[in-house]
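Participant: Just passing along the structure, written as structure tokens.
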């Protein structure tokens, strides 16, 4: 909500992707007709208005059943101090002009908005719990995780090893410059013996109204650039990354790596090398596993897949990496031969059938190439 009229504007509304963490696996609130759970957030500081509406509700006295206590479930997620009536919320909205982003400005960029016909400015800040007011703001911000990240959990903000990177949109209201929350990422700094740290991306969210505009890539690249300059950082990883996050990371890392000398077309065609691992780790804080994916994507760009020899060489190179898990199964099978009775071995053989492995390997390869091509297409447009 930026203006009072946004309260009645369905275009500013977005729905949760998940509600199982609040309402159970069936995602059902029992005992209501026409139930609406309404959560409004002021665009910048995320002050909250919470309301529940319904046309009817079961009654324990007459229906012998009790409706779910929806309000308590929501109150477990949103921090105290929220509004329950519109007037209080609108009065807070009038003070929004005083809200400023937390922490240190790291990056400013603009995105052209077709609808508005102009470039909109965005800024990325790094914050921590020492910033005045940030703790309370973060409590409101993290409530979005429950609705948009499938396995989300709230973090221990008293642990000083957390860093927070936030994206804000700058917008004008009555001649003043205001800021709207776009998204954020949390990063945990793990200790690596003897004197290094390994920042691990934990939770990343771009709010639905801003998705598909490139903010995730800007945010992740800014995080990498922030840590790249630190001599104590070993490399940057991610905690249990989603499929979408892996695709985003592929794009960002390829964009960062493409100009390194070790990834020149001539060197790419000679295969994956220790030089690539060392240069990517030292200059960009990228670990070996992620560097290998960057190499495969950039080698695909340098390969003429219409040339039979080049295509075959690329396919074999990627499949040699992909076959690792299958070779592990073969080793497990060899162990089984030594210790299982013949009838047990037959059952296991059915599970690890060689032809199926080849089919799965080819399927994995084709899916990977398809994903890599999308990264390259996005890179060409960047």
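Each residue, glycine too, has its Cβ placed from N, Cα and C.
Heads up, here are the entries from TrEMBL:
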type	residues	note
ACT_SITE	239	active site, proton donor/acceptor
COILED	351-378	coiled coil
DOMAIN	3-150	domain 'Histone acetyl transferase HAT1 N-terminal'
DOMAIN	249-300	domain 'Histone acetyltransferase type B catalytic subunit C-terminal'
SITE	162	site 'Interaction with histone H4 N-terminus'
Participant: How many Å separate the Cα atoms of residue 162 (site 'Interaction with histone H4 N-terminus') and residue 239 (active site, proton donor/acceptor)?
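Facilitator: Just about 13 Å between their Cα atoms.
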Participant: By Cβ count within 10 Å, point out the most packed of the recorded positions listed: 162, 239.
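Facilitator: That would be 162, with the most Cβ atoms nearby.
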Participant: Using DSSP, how many residues in the domain 'Histone acetyltransferase type B catalytic subunit C-terminal' (249-300) fall into helix, strand and coil?
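Facilitator: Residue counts in helix, strand and coil order: 40 helix, 0 strand, 12 coil.
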Participant: Can you tell me how the residues of the domain 'Histone acetyl transferase HAT1 N-terminal' (3-150) break down into helix, strand and coil by DSSP?
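Facilitator: Taking each residue of the domain 'Histone acetyl transferase HAT1 N-terminal' (3-150) in turn, the totals are 48 helix, 37 strand, 63 coil.
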